[in-house]
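Written out below as structure tokens is the structure these notes cover.
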Amino acid sequence: MASGWGITGNKGRCYDFWMDFSECMSHCREPKDCTLLREDYLECLHHSKEFQRRNRIYKEEQRKLRAASRKGEETGDGTHTHH
């Protein structure tokens, strides 16, 4: 990451985040002052927040589909016969 070159020969996608974080760390008194910049850099590298959000959306969609299918099964066509 130190060189700034990505695999395609251009600037790496997270290089700007790294430079901001690195500059903050070299000038700050407390490392916690750079926490937000660190989070931005790590999110750029790993996309963990994005994946968590996508997973929550997927689970909610699946929950709604299950609820709709259960509701459809319960209402059915209204002709429940017991023998």
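First residue shown is number 1, and so on along the chain.
Cβ atoms here come from the backbone N, Cα and C positions, even for glycine.
What Swiss-Prot says about this protein:
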DOMAIN    11-52  domain 'CHCH'
MOTIF     14-24  motif 'Cx9C motif 1'
DISULFID  Cys14-Cys44  disulfide bond
DISULFID  Cys24-Cys34  disulfide bond
MOTIF     34-44  motif 'Cx9C motif 2'
Problem - Spatial separation of Cys34 (disulfide bond) from Cys14 (disulfide bond) - C-alpha basis, Å - result: 16
Fill in the blank from the handout: For the disulfide-bonded residues Cys24, Cys34, Cys44, the largest set of other C-beta atoms within 10 Å encircles the C-beta of Cys34
